[in-house]
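Copied over from TrEMBL:
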type	residues	note
DOMAIN	A:217-249	domain '4Fe-4S ferredoxin-type'
DOMAIN	A:295-328	domain '4Fe-4S ferredoxin-type'
């Protein structure tokens with residue numbers, strides 16, 4: 001099915017009345033996901049945003065609750081605010097990233113209300129990639145640059161119109177508000193062509209997890225970390241990184257409990273109250289980073305927690321390229337212990 | 001350029017083979033077009049990866065104190081100035097350090113290219129011309145058009161401190177620094193400046209790439225990581241971002257060597273250098289001091305001399 005961009009724009013503008021609508025806009029130094037009021041504000045020709053859209057469900061700095069003590073009375077207030085939200089223009093890598101975050105924040109042991117209530121109230125309108133950046137490598141993880149996995153409603157840009165795929169019930173509810181038409185044979189052929197594309201850059205991850213099982217004490221980590229500056233760019237720009245820190249911001253008799261993004265490269269990461277840190281150097285932090293994404297997450301959740309968006313590659317100040325890091329692990333000699 | 005690369009490799013090979021150093025810190029070709037990446041050569045067999053060109057944008061001095069053993073470093077002017085400050089501040093042992101000096105004509109500002117031709121697919125550097133194939137088009141640039149803002153005002157392209165110099169040296173103007181960029185900002189109204197920094201600070205995501213790329217941000221515990229007392233929350237907002245950035249600049253007063261590593265490291269394109277440059281100008285005006293221009297001497301705020309202009313003091 002398809003819809004002309006003009007009609008889609010009108011429907012989009014009508015949705016703004018019922019939903020908080022987040023879409024890609026140009027902010028002068030790149031693309032950012034921001035709340036928009038009109039389809040005319042949306043940047044339609046873009047590769048991907050500088051930062052992943054995870055912050056709409058898992059903010060960088062979030063008040064969980066506030067509390068106040070007056071005499072002997074203590075009042076505690078939840079700070080959770082949830083709105084019906086549409087995320088428009090989410091790329092397939094980021095849509096897959098959200099499915100991976102879901103595994104962390106809602107599983108058989110724990111449901112995180114802050115993440116999940118926002119996630120439940122959000123509809124993802126994915127947009128297939130028709131241009132592929134040199135840093136993109138999503139095809140390594142069985143993600144298609146024009147695949148609909150993780151989206152509720154999925155669009156492919158056909159020039160003057162969008163091909164529309166209804167993926168979930170949530171997506172269907174939105175699609176009911178769109179005047180859809182049938183694709184012509186030529187358009188179908190174009191859709192098929194776009195859908196069959198792969199990223200030119202791919203890494204081989206077929207044996208990475210089992211290789212890493214045997215690499216905890218590998219000398220590979222000794223040299224791997226040398227040029228890393230230990231900043232948080234890779235984690236903050238990653239659609240699947242989800243480590244956080246919880247702290248109290250207290251002033252006199254009142255305060256808030258906040259949750260803030262943490263990063264495995266940060267000096268405070270896993271620092272114990274005693275002052276001991278089991279990962280007090282870049283070597284152990286880098287091992288944690290790679291193991292978490294390509295080994296622990298696989299064992300715990302059944303898939304790798306990298307989606308090949310390439311943001312960490314593009315943003316790294318010293319050009320640490322995760323593709324080379326994985327490749328290096330694949331090729332590293334195993335030491336007999 | 002090829003000759004100098006061979007010279008660097010030969011020197012690195014010799015130093016490693018003779019056991020004079022354990023590691024040579026330099027650059028190798030990166031994984032992306034027009035990107036070099038820091039490289040640590042531990043054995044003579046590895047030195048053929050070393051390169052030197054206009055893409056070598058990182059300040060390698062940031063690695064020296066953290067790298068154990070005896071080390072050689074490929075140092076351009078700004079790297080050597082950072083080393084000089086680190087030596088002045090007793091952060092390095094001079095005998096453990098071998099400085100391979102190279103003169104630098106400046107590094108490429110990739111953002112200018114990406115803004116015009118999109119993500120870079122392929123690029124080549126030939127005779128001062130940079131030809132780029134981008135996702136949104138192809139273009140040929142003269143190097144001068146792409147020179148990083150820092151390098152455009154650089155007064156120390158030649159190392160101030162070195163054990164060997166490879167390649168030619170570059171003629172340098174002896175005129176006092178002009179600080180035209182700082183003056184332009186100073187001439188704006190307070191409101192205009194406030195708007196500018198509001199915009200800049202709202203982009204910061206507090207990833208600390210600037211701090212970690214900086215060769216002179218070496219505090220064991222940065223004030224932003226200190227939780228007793230807690231100077232800053234993890235809140236990412238303009239006020240706290242400015243507090244961090246301004247705090248960092250003040251810590252660098254009289255120490256910043258204006259290498260621009262912080263601004264180039266920033267994934268968000270924050271104009272961090274605008275603050276640093278203002279501080280550099282103030283230190284120059286008030287103390288007649290430029291950071292790290294020799295191994296001797298002390299940072300401006302560690303020294304009192306009666307020759308300081310110090311217009312803010314009461315006349316004796």
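For all residues, glycine too, the Cβ spot is worked out from N, Cα and C.
Curation plays no part in TrEMBL annotations; they are all automatic predictions.
Model, not experiment: these values are computed from the prediction.
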DSSP helix/strand/coil residue counts for the domain '4Fe-4S ferredoxin-type' (A:295-328): 19 helix, 0 strand, 15 coil
Structural state census, the domain '4Fe-4S ferredoxin-type' (A:217-249) (DSSP three-state): 9 helix, 6 strand, 18 coil
Mean of the pLDDT scores, which run from 0 to 100, over the domain '4Fe-4S ferredoxin-type' (A:217-249): 95
